[in-house]
Amino acid sequence: MKIMSGNSNLSLARAIAGYLEVPLTDASVRRFADEEIFIEIHENVRGEDVFICQSTSYPANDNLMELLIGIDALRRASAARITAVIPYFGYARQDRKPGPRTPISAKLVANLITEAGADRVLAVDLHAGQIQGFFDIPTDNLYAAPTMAADIQARYGGQELMVVSPDVGGVVRARALAKRLDNAPLAIVDKRRDRPGESEVMNIIGDVKGRHCILIDDIVDSGGTLCNAAQALLDAGAKSVAAYITHGVLSGGAVARVDASALTELVITDTIAATDAMRDSSRIRVLTIAPLLGEAIRRIADESSVSSLFD
Ligand code: R5P
């Protein structure tokens, strides 16, 4: 088995390689003067089972291109099998046509990865489970929920918990987490704008009074969804609100927004490399999912069950 990494999240790739006790494959990524990407693999990979780790996070297009070129280099170097390990799959939110004459970019990206030469894909908390079907190659979608549930039990165990989905679309994810927390009760934030131009109304479905609320979502980007949901929960009588979000995209002023919010803390995973602002934030904590990815990689290489990781 070989583990190769792009530049998007080297620390996670190193941690995965450490878990598997294999060195990272010696490869370099360089740029031409015009920013074209050039990748060179400095060791033999002929006949190897290679896992290339790259999150297609900010800068999404550069990181995606790096992944595609890395896969192409591996294919031309005669790797026996190439698994694209994409802890954060960017473009996933563009998984349907929101209106006429718009693209389904998640499908386009899936096509590009397959065409480049990937044989398999390994991702974490895809924005929608159906994205697995965008790939015509085997695709494993891992869940951060067990890692989060263990942390929630350690931090908030024994308290009157309420798992909350910040929108109607996230209910399945929230229910799965609630199940792991001894069937904690579930609430949903229902955002409504009755007429265009009117301000959004947040209705809470479920009685959150006196509860410690755990908001769960797959992505925190601008932080708007999360911070507004936290305030709405406190207004409805919640005792406190913490958030567990798999992918800390945290664009623009999101970290400042979280720092100034009503959240007691925001817990994200390391699918996306932390920025200085994230590291400096007193409200943001990072859980590693390197052991989860490492174990899934080991099982894929051994041809054993990946789904049993979540039993
Ligand atoms: C939406 O469907 C996603 O699950 C997240 O709720 C959304 O991407 C969060 O975005 P933002 O932080 O910009 O509100």
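Think of each number as a place in line: the chain as shown, counted from 1.
Cβ coordinates come from backbone N, Cα and C, glycine included.
Around LYS191 (active site), taking its Cβ as the centre, 15 other Cβ atoms fall within 10 Å, counting all chains. Here TrEMBL flags LYS191 as active site.
Around GLU35 (ATP binding site), the C-beta neighbours below 8 angstroms that are at least 6 residues distant in the chain are ASP62. Per TrEMBL, the feature ATP binding site maps to ASP34, GLU35, GLU36, ARG93, GLN94.
A coil conformation is recorded for HIS127 (Mg(2+) binding site) in the three-state DSSP classification, outside any helix or strand. Cβ environment of HIS127 (Mg(2+) binding site): PHE89, ALA92, ARG93, ASP95, ALA106, ASP218, ILE219 lie under 8 Å away, each six or more residues apart in the same chain. Residues or ranges marked as Mg(2+) binding site in TrEMBL: HIS127, ASP167.
Taken from TrEMBL, the feature D-ribose 5-phosphate binding site covers ARG193, ASP217, ASP221, SER222, GLY223, GLY224, THR225. The Cβ of SER222 (D-ribose 5-phosphate binding site) lies under 8 Å from the Cβ of SER251, GLY252, GLY253, ALA254, ARG257, each of these being in the same chain and 6 or more residues away along the sequence.
Annotation comment: TrEMBL describes 1-117 as domain 'Ribose-phosphate pyrophosphokinase N-terminal'.
In the three-state DSSP classification, LYS191 (active site) falls within a strand. GLN94 (ATP binding site) falls within neither a helix nor a strand when secondary structure is assigned with DSSP, and so counts as coil. Taking the binding-site residues ARG93, ARG193 in turn and counting surrounding C-beta atoms within 10 angstroms, the largest count is reached at ARG93. Each residue contributes its Cα atom, and for THR225 (D-ribose 5-phosphate binding site) and LYS191 (active site) these two points are 10 Å apart. On the backbone, the CA of GLY223 (D-ribose 5-phosphate binding site) and the CA of GLU36 (ATP binding site) stand 32 Å apart. Taking the Cα atom of each, GLU36 (ATP binding site) and LYS191 (active site) are about 43 angstrom apart.
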